[in-house]
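S.K.: Here it is: the structure, laid out below.
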Amino acid sequence: MTGKLLGDSVAKPKAPSDVSSDDEGQAMLSGELHQEPQGRRRKPNPWGFSIYQRHLPSWLPQRFALCVLAHLGFVLLYIMRSNMSVAVVRMTTPYAVLENDHLTTRLDFDWTLPQQGFLLSSFFFGYILTQIPGGYLACTWGGRRIFGLGLFGASLVSILTPMIGISIGFYGFAIARFFCGFFEGVTYPAIHSMWNHWAPPLERASLVSGAFSGAYMGAALSMAQNVTALPSMSWQELFYVSGCYSLLWCIVWFAWGAEDPEEDPMITDQEFNYLMENKARHWEDKLNIPWRKILLSTRVWAINICHFAANWGFYTILTELPSFMRYALHYDVKEMAAVASLPFLAMALSAAFGGIFIDKTLLRFLSTTYTRKVTVCITFLAQMMFFFLAGKATERHEFVLCFVGALFFGGLSWAGFSANHLDIAPDYASVLLGISNTFGTIPGIVSPLLTSYIVDQKDDPASWSVVFLISGYIYAAAAFFYVMFGSGEIQDWANSDESQKLTSSRKKTNNDAETGPEVHSD
């Protein structure tokens with residue numbers, strides 16, 4: 001540890017003369033640059049604590065360990081989010097019970113299709129309310145803390161959901177789902193605030209999409225494990241199990257690491273020095289948020305529309321796939337367990353490895369702007385094609401292949417636009433994600449309600465085709481808008497001295513791949 005107290009001078013060691021520029025570039029990517037910025041020091045950890053005071057092994061940088069933990073956090077978040085989509089099939093399906101040597105048919109809840117659609121949407125009524133406040137709180141209090149507190153609150157609500165629903169009835173379930181969404185709403189903007197400290201420019205897509213891919217892995221596990229478990233366990237246990245596992249995760253999250261590399265007792269000196277060379281501003285300086293310029297920026301609106309489109313198709317499949325497979329395609333419960341998880345598993349894998357692919361390939365040869373535009377355009381048009389094909393499909397395996405293909409490219413698309421907030425305004429990334437995820441939440445509210453009115457008979461594949469065609473047109477419109485107005489450059493309203501330093505570092509590392517001015521306005 002070479003940092004000193006404020007006011008002390010820090011000598012910057014010179015690199016050995018026999019180290020080539022290529023070796024230095026590799027050292028920067030691996031976090032092994034042995035130069036510490038002048039005036040930097042390690043700070044005490046005033047909020048967090050750590051049960052681990054020893055350094056991590058050199059092969060596991062702390063930023064990657066945090067990415068793995070965040071990935072697991074999103075797995076649990078999406079299991080809790082998806083529980084109702086799976087449980088509602090069991091809750092509204094008659095089942096036989098042996099009473100006094102006679103078989104009796106029972107039904108837990110006799111809900112209409114519009115009621116089921118409202119129940120699935122109630123999560124997002126709460127979710128949409130905390131997106132922008134979550135971004136602001138993450139800016140001021142720290143993203144890591146807000147992320148952990150959001151998941152902690154959602155886990156408590158998940159455990160209490162069966163009790164509240166059984167006691168009050170339909171509206172009790174709706175209230176519980178509302179508050180589950182309320183707590184989960186802060187998680188996406190909060191994690192972006194954390195990456196502003198921990199994600200170097202050349203690793204943004206990898207770390208961001210790697211963490212977010214946990215959401216789709218959670219959806220896959222929810223479809224597979226929950227549907228498999230339903231015959232042997234009650235629907236109530238789905239909420240209990242996911243809530244308890246989430247509480248255990250919260251303990252590990254709050255005990256591991258810190259908000260900032262300067263507060264982290266586990267980070268190695270090599271990784272600390274590398275991150276200090278490549279980090280953006282301190283969160284303490286980000287209270288003056290340019291709200292008007294953000295809301296009027298066409299670059300921000302390009303991200304908002306992308307987020308809306310990406311979530312429209314995803315939420316349509318997430319909330320309606322169990323019902324579609326059960327009633328329209330006539331899958332039994334065991335078949336659903338194996339098949340329903342495939343699209344989300346494909347999305348989880350493509351999101352996790354798509355960011356690495358983009359960081360290691362496209363970003364090396366194209367500017368950040370072209371990299372984001374190429375990724376979004378190709379992936380959105382591919383999703384459009386698969387949803388159009390689903391609207392014309394007639395066989396069960398054709399539907400499944402279309403859903404797998406659509407969500408596979410959906411995972412890749414997140415490597416394009418999910419890191420774009422950090423590209424254009426790293427200082428305010430959590431606020432931008434809060435805004436874009438607000439628009440991304442609207443499909444979660446509208447899509448189930450719209451589907452419940454379009455599909456008046458759930459066993460009619462023809463009415464489902466209208467739902468799929470709507471998704472395809474939305475992807476096409478979003479791809480066009482992003483190609484016209486998207487950008488990967490830091491905007492003038494988001495510029496700061498350290499942001500300019502960040503931009504210069506990116507330009508140097510990209511070997512002058514980016515051309516034109518480094519700071520752009522709309």
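Going from the start of the chain as shown, residues are counted 1 onward.
Each residue, glycine too, has its Cβ placed from N, Cα and C.
Where the annotation comes from TrEMBL, it is an automatic prediction and has not been curated.
TrEMBL feature annotations, pasted as is:
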| type | residues | note |
| --- | --- | --- |
| DOMAIN | 66-490 | domain 'Major facilitator superfamily (MFS) profile' |
| REGION | 1-42 | region 'Disordered' |
| REGION | 499-522 | region 'Disordered' |
| TRANSMEM | 64-81 | transmembrane segment |
| TRANSMEM | 118-139 | transmembrane segment |
| TRANSMEM | 146-168 | transmembrane segment |
| TRANSMEM | 174-195 | transmembrane segment |
| TRANSMEM | 207-226 | transmembrane segment |
| TRANSMEM | 238-256 | transmembrane segment |
| TRANSMEM | 338-358 | transmembrane segment |
| TRANSMEM | 370-391 | transmembrane segment |
| TRANSMEM | 397-417 | transmembrane segment |
| TRANSMEM | 429-450 | transmembrane segment |
| TRANSMEM | 462-485 | transmembrane segment |
S.K.: Under 8 Å for C-beta pairs, could you tell me which stretch among 64-81, 146-168, 174-195 has the largest tally with the transmembrane segment (118-139)?
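M.R.: Result: 174-195.
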S.K.: Where, among 64-81, 174-195, 338-358, 370-391, 397-417, do we find the most CB pairs under 8 A to the transmembrane segment (238-256)?
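M.R.: Per the Cβ under 8 Å count, 64-81.
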S.K.: Can you name the far-off residues of the same chain, 6+ from the ends of the transmembrane segment (397-417), with a Cβ under 8 Å from a Cβ of it?
M.R.: 205, 208-209, 212-213, 216, 303, 306-307, 310, 313-314, 317, 321, 324, 329, 339, 342-344, 346-352, 354-355, 357-358, 371-376, 378-380, 382-383, 386-387, 389-390, 468, 482, 486
S.K.: Within the same chain, where does the transmembrane segment (338-358) have neighbours whose Cβ lies under 8 angstroms from its own Cβ atoms, ignoring anything closer than 6 residues to its ends? I mean 6 or more beyond.
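M.R.: Same-chain contacts beyond the ends: 71, 205-210, 212-217, 219-221, 223-224, 227, 314, 317-318, 321-322, 325, 331, 371, 375, 400, 403-412, 414-416, 419.
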S.K.: If you average the pLDDT over the domain 'Major facilitator superfamily (MFS) profile' (66-490), what number do you get?
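M.R.: In the predicted model, the domain 'Major facilitator superfamily (MFS) profile' (66-490) has a mean pLDDT of 86.
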